[in-house]
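Undergrad: For reference, the structure I am asking about is given below.
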């Protein structure tokens, strides 16, 4: 009799849970249409892979790219709608979140054509690669819209697990295995630190998990200036720091960049920073509203360390990918300036604008590295000497992207840094802006050093890799070159469209 009653209660509870889930999906499902499109694309990929042969490989690329483009389209149709909190407070839909989701989708859309020839040449498993990329993109999108502590923890784990698998995709490469192990161990440690910080925030607010409710809970419990909040702030900053990879949380970055397949590095170098920046902005600005002085000081320290260490250590590197790893550490220091400035002086708008330009500059550089690596089999900076004499198109493209990363006018990087530093100066961050300007000059030095190698014509400096380099026509149907051309154009002629870009970014307010 007791068993019968318990069984009936279990059935009733299961029915209630199912009906609640169905109700949420029915009424709130329209708010996650872009994410649902990606999920549908993932299901299609699995179905085609399990029911077809190798001749249908082009369909896999087509479905992946189409699902990303359709997701971008759905996101744009939803633009400028009123902010909505859905799924019982798990997600928030607003312009700020959506523009970061757009940037993540843009990164993935550009990374897939960048990877096609590399995957074919290295004979990597195609379906799994595309599945991991789309799933990581999905995790990044959910992270941008996350509105409670549980979702903010689960969404980056979805992204991180796919990142670990992608970084170790070349299983026979010892460097890749070593990089993956470091990435996995440090990722697990950072996740533990992050969730420990969340537990302090949860307890101090009286058991609240939604970001805005945490603020209300801290006011009700009078704990907004307590030591527990300071402890939570430190742990959460360390946990998020792993995703952003500023100094001193950057130890995994150079090894993962050097050991992972180059298209994977290109994907991780932009998507992880975009998603983590969106999450960090919301976490610091909402739950830690009353501790703004403390987290400003923490982020200022991270920004200074990142800009100085990243750019100084990059000078000494001999590997192109390792140099870009340290360069990215310096770049995230510039982005942190926008987070610190906040909404009051267009800080978020400047951060978003710079992120958009950084995506094009960084992916353009990695597209050039992928092409050079496939044609020569080397990643050493010294082996780029004299590339202009063999492939002027590739050499000029790489030079333009590097100069844009350095911030030379009239390229995209210059306008992005100018807007970012100007907002920082208006907010009174004079020391940070001066450090940013000085380290930008340092970055220009090591970028120009590479460009000098590219343009050299002296025979004694040209290595056998370039001497035996296969010439490439100016016009090509190569998907990597097409992706590279798009990124190079976006990195070189932004001045014409700066005003509308800034205007759109300024609309992305809370």
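Heads up, the Cβ atoms here are built off N, Cα and C, so glycines get one too.
Keep in mind it's a predicted model, so treat the numbers as computed, not measured.
Quick paste from Swiss-Prot:
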| type | residues | note |
| --- | --- | --- |
| TRANSMEM | 24-44 | transmembrane segment |
| TRANSMEM | 57-77 | transmembrane segment |
| TRANSMEM | 99-119 | transmembrane segment |
| TRANSMEM | 124-144 | transmembrane segment |
| TRANSMEM | 149-169 | transmembrane segment |
| TRANSMEM | 227-247 | transmembrane segment |
| TRANSMEM | 295-315 | transmembrane segment |
| TRANSMEM | 323-343 | transmembrane segment |
| TRANSMEM | 354-374 | transmembrane segment |
| TRANSMEM | 395-415 | transmembrane segment |
| TRANSMEM | 418-438 | transmembrane segment |
| TRANSMEM | 484-504 | transmembrane segment |
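Can you tell me where each of these features sits in this structure?
TA: Using a Cβ-Cβ cut-off under 8 Å and counting only residues 6 or more beyond its ends in the same chain, the transmembrane segment (99-119) has close neighbours at 34, 61, 64-65, 68-69, 71-72, 75-76, 126, 129-130, 133-134, 136-137, 140-141, 144-145, 261-263, 266-267, 270-271, 274-275, 277-278, 352, 355-356, 359, 363, 366-367, 370, 374, 478-480, 482-484, 486-487, 504-505, 508.
Long-range contacts of the transmembrane segment (124-144) within the same chain, counting only residues at least 6 positions beyond its ends with a Cβ under 8 Å from a Cβ of the stretch, are 34-35, 38-39, 41-42, 45-46, 49, 57, 60-61, 64, 67-68, 91, 97-98, 100-101, 104-105, 107-108, 111-112, 115, 118, 151-152, 154-160, 162-163, 165-166, 169-170, 261, 267, 271-272, 274-276, 278-279.
Listed as Cβ neighbours of the transmembrane segment (395-415) (distance under 8 Å, sequence separation of 6 or more from its ends, same chain) are residues 327, 331, 357-358, 360-362, 364-365, 367-369, 372, 384, 387-388, 440, 443-444, 447-448, 450-451, 454-455, 484-485, 487-488, 490-495, 498.
Away from its own ends, the transmembrane segment (418-438) comes close to residues 300, 303-304, 307-308, 333-335, 337-338, 340-342, 344-347, 349-351, 353-354, 502 of its chain (Cβ-Cβ under 8 Å, at least six residues beyond either end).
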Undergrad: Using a Cβ-Cβ cut-off of under 8 Å, list the residues of the same chain that are 6+ residues beyond the ends of the transmembrane segment (354-374) and lie near it.
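TA: Hits for the transmembrane segment (354-374): 103, 106-107, 110-111, 114, 117-118, 121, 262-263, 265-266, 269-270, 273-274, 277, 320-321, 324, 328, 331, 334-335, 338, 384, 387, 394, 397-398, 400-402, 404-405, 412-413, 415-417, 419-420, 472, 478, 480-481, 483-484, 486-488, 490-491, 494, 501.
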Undergrad: Same chain, outside the transmembrane segment (149-169) by at least 6, Cβ under 8 Å from its Cβ: which residues?
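TA: Long-range Cβ neighbours of the transmembrane segment (149-169): 90-91, 124-125, 128-129, 132-133, 135-136, 138-140, 142-143, 176-177, 179-180, 183-184, 187, 191, 194-195, 198, 201-202, 209, 214, 243, 256, 259-261, 264, 267-268, 271-272, 275-276, 279, 283.
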Undergrad: Looking only at residues six or more beyond either end of the transmembrane segment (295-315), which have a C-beta under 8 A from one in the stretch?
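TA: Contacts with the transmembrane segment (295-315): 233-234, 237, 241, 246-248, 250, 284, 288, 323, 326-334, 336-337, 339-340, 429, 431-432, 435-436, 439, 442-443, 445-446.
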Undergrad: With Cβ-Cβ distances below 8 Å as the criterion, list the same-chain residues six or more beyond the ends of the transmembrane segment (57-77) that contact it, or say none.
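TA: Distant Cβ neighbours of the transmembrane segment (57-77) are 33-35, 37-38, 40-42, 44-45, 48-49, 98, 101-102, 105-106, 108-109, 112-113, 116, 126-127, 130, 133-134, 137.
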